[in-house]
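Annotated features, as they stand in Swiss-Prot:
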type	residues	note
BINDING	ILE18, GLY60, VAL61, GLY62, LYS63, THR64, GLU65, ASP256, GLU321, ARG393	ATP binding site
Amino acid sequence: MSEMTPREIVSELNRHIIGQDKAKRAVAIALRNRWRRMQLEESLRVEVTPKNILMIGPTGVGKTEIARRLAKLANAPFIKVEATKFTEVGYVGKEVESIIRDLTDVAVKLTHQQAMEKVKFRAEELAEERVLDALLPPPRDAWGQAEQKEENSSTRQVFRKKLREGQLNDKEIEINVAVPQMGVEIMAPPGMEEMTNQLQGLFQNLAGDTKKKRKMKIKDALKALVEEEAAKLVNQEELKEQAIYNVENNGIVFIDEIDKICKRGEVSGPDVSREGVQRDLLPLIEGSTVSTKHGMVRTDHILFIASGAFQVAKPSDLIPELQGRLPIRVELEALSSNDFKRILTEPKASLTEQYVALMKTEQVDVQFTEDGIKQIADAAWQVNETTENIGARRLHTVLERLMDEISFDATEKAGQAFVIDAAYVKARLGELVEDEDLSRFIL
């Protein structure tokens with residue numbers, strides 16, 4: 001789990017996301033509170049529940065991007081889901097409990113990677129010995145049995161030195177390696193994913209572990225053997241227990257598009273994918289026990305962050321019980337022309353930086369001037385105002401249109417330089433931006 005302070009979390013998010021300080025602060029505090037809770041005594045820790053967050057804001061302002069970046073910072077089990085993918089229990093479609101099952105799978109994978117990293121050094125030593133055994137097979141006695149190998153023999157040490165220096169990387173050897181188990185694909189109706197997973201696991205266990213002699217280069221053999229030896233050093237049962245503990249205490253679920261499951265007042269009749277899904281989410285957010293293939297998982301201390309544009313529906317259209325379980329409300333602001341300008345230049349691996357790097361692979365030098373960047377930002381903002389406001393995603397559309405000619409002819413224009421200034425942008429986009437009908441279809 002991340003031990004970063006709220007200020008450090010906000011600072012890290014600022015490297016990738018422009019503006020939206022309120023949302024960043026709320027997320028940073030929620031993430032830090034996970035760490036604070038773990039420092040409490042057991043009796044008090046059980047009572048401290050996470051304060052779930054509802055992020056409200058138009059499309060393309062950074063809600064999903066905050067979730068993506070948070071996943072990398074959290075160093076904890078994290079899953080992002082779309083609320084529209086789920087249906088009420090009893091109907092065809094995914095049930096909301098599959099969120100926790102998927103989160104547990106993520107936790108098992110994360111815990112497995114961490115455990116493998118801890119034993120990596122020892123696994124590398126064991127893999128090295130197996131490669132040396134293949135290079136220098138121990139002599140056999142009269143009964144055909146391999147004699148005790150001499151660990152410190154001069155020949156073995158010479159080969160060990162060469163192996164570590166990479167001099168033997170391309171030499172081929174024959175070794176016994178575990179054969180990857182064949183995947184058994186089972187077709188099942190929607191909603192039966194858990195049973196399908198259990199059956200697949202059963203068939204794979206029946207196959208058992210088999211080894212096969214393979215000829216491979218030493219560098220590939222070392223990689224395969226390190227993984228094999230590391231897997232032997234890891235206790236799978238302990239790993240599952242640790243993963244479930246991680247989910248229950250540090251898990252974070254990000255539910256996007258929650259406004260799409262609001263029941264609008266004028267709609268009547270059965271509403272499979274809306275109010276029913278909200279009611280199914282209630283026990284998960286409030287705290288319940290979900291059965292997964294790794295064991296039972298309690299959701300009492302999992303942090304839920306929901307987000308939605310709420311352009312048609314309002315947060316008050318959510319059922320009251322769900323509103324009460326999302327106590328922290330954060331509004332994200334629409335982006336201005338100045339925000340667009342900052343988005344184009346300030347974040348790490350900004351859009352302009354990406355295009356410059358892509359063209360450099362073709363030996364084409366592209367430079368964006370300050371007035372050119374301002375013109376791009378103004379064009380994107382103007383199109384958003386006159387047509388549908390899709391936020392920062394409009395920059396992708398505008399830039400693709402702007403760079404279309406250079407990208408297409410880049411192979412023939414190697415060694416040339418292009419300056420993207422205000423005049424260049426106006427020449428390529430001016431007419432499209434001015435004509436509202438053209439903007440609707442092209443930008």
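Cβ coordinates are placed from backbone N, Cα and C, and glycine is handled just like the others.
Structure with Swiss-Prot features highlighted.
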{"residue": "ILE18", "record": "ATP binding site", "Cβ within 10 Å": "21"}
{"residue": "VAL61", "record": "ATP binding site", "Cβ within 10 Å": "26"}
{"residue": "LYS63", "record": "ATP binding site", "Cβ within 10 Å": "26"}
{"residue": "GLU65", "record": "ATP binding site", "Cβ within 10 Å": "17"}
{"residue": "GLU321", "record": "ATP binding site", "Cβ within 10 Å": "13"}
- Task: Could you tell me which three-state DSSP class GLU321 (ATP binding site) falls into?
- Result: helix
- Task: Provide the three-state secondary structure of GLU65 (ATP binding site) computed with DSSP.
- Result: helix
